Ligand SMILES: [Zn+2]
């Protein structure tokens, strides 16, 4: 299963058009991308959409959204693997483990974040990340099996004891040592990641602010090979945004792509499932269930940052294309495999077309004005505040905004002769107005208080003529895609409930979620 967190119908149109615009006439595309009818591989896999509401709101959060997929039931916003009464519910991972399948998660946020957590943990609130991290290593019930065999993602700080300088934990448990004692193959975040400046994200989580410079540029997948159970902690907190990851002269990104991570996970799980199968009777042969999340699409949309979202969404679509190929290869070997790709909800109320001013608007939006954007609003805001705090003064500040924030020197890429167009006085003023009146008043901005980030991404959105209605989530229906023969069966076509996806997985793998729920709740 793949989950594009926060990615709605407009995000999909945006991502496709942005990709076409980026690759039109580019040298890395010798075949030429047909400008109008080209599509992502997933486009051909659309089967319908799901209604995403939770038990207590017409607008779900990621926790209730993921619990709908993992337990097949509606729960309240904030619920991690518990029903609407707060009682732990059996998840497809727990039931799959009992049937002999291997399980895994790959995410670009923290492994303790709501979406992955709902598959392997039970918590009354998504904020209980210390407990969620610990549950990854624990048996969910007496006589049960470990719920998860592979975990690749950020959030390393939740695994260090509170005495550790990088720790986010509320207790002194050292989960990295505990995991190693249990036989896990653990890869820790590279030391260059530690000490990165951090701010609070939209859900109050720790988030790397200056991610562009805070990780090791020789970073790799922390080993292509590995042993199950496998725990790869890529970063201390969330992984850096795709748009902030530098590339070398050959265009190779300095941080693993979602596509690479997904392939690493599928290879490890499929190889292990195969060797496990050959050691057991043919009738007992089982495969694996993997959840791959494009987590950061959601954060970019929370921040109403169009280019940040576009780059994350393209990385997700590229990963989905690769996963579809791998699914085909497994099916060709007779190992029946399907992919389900969907989102938990839409974030930001993104819309393509925007009325600016009172005049009746033209029917236009401009993806080409965003192709030169070189960093997330998060990083640009941090750069601007740092320059204001330590730079030489007002005159050079204006030049800095024109060149490095709005302009082509690592900024939004606007200016004379660029596809973004010339920078206006109004845009410069709007960005300068975000700064506190005195440089001594600069403090690291937190989440929605980051006025400079808001001003910068608003300049980009207005230029592209796209709109946002909220920094939170919205309640629109969400597209559902499937690939692989078995997926064409009953249960996912048309407009379904998000819970039907959990029920479908359960039926497909012949799982008994109710019996797991009973075992979880033995007093
Ligand atoms: Zn979400």
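Cβ atoms are placed via backbone N, Cα and C, with glycine included.
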Site co-member for Zn(2+) according to TrEMBL, given 5, 298, 302, 345, out of 50, 122, 404, 473: 473
Given ranges 134-157, 158-181, 182-205, 206-229, the stretch to which TrEMBL attaches the annotation region 'Disordered': 182-205
Residue 345 (Zn(2+) binding site) versus residue 293 (Mg(2+) binding site) - Cα distance in angstrom: 13
Within 10 angstroms of residue 345 (Zn(2+) binding site), Cα basis - recorded positions out of 62, 113, 115: 62
From 5, 298, 302, 473, the binding-site residues whose CA lies within 10 Å of that of residue 115 (Mg(2+) binding site): 5
Integer Å distance between the CA atoms belonging to residue 113 (Mg(2+) binding site) and residue 473 (Zn(2+) binding site): 16
Pairwise Cα distance for residue 62 (active site, phosphoserine intermediate)/residue 344 (Mg(2+) binding site) [Å, integer]: 6
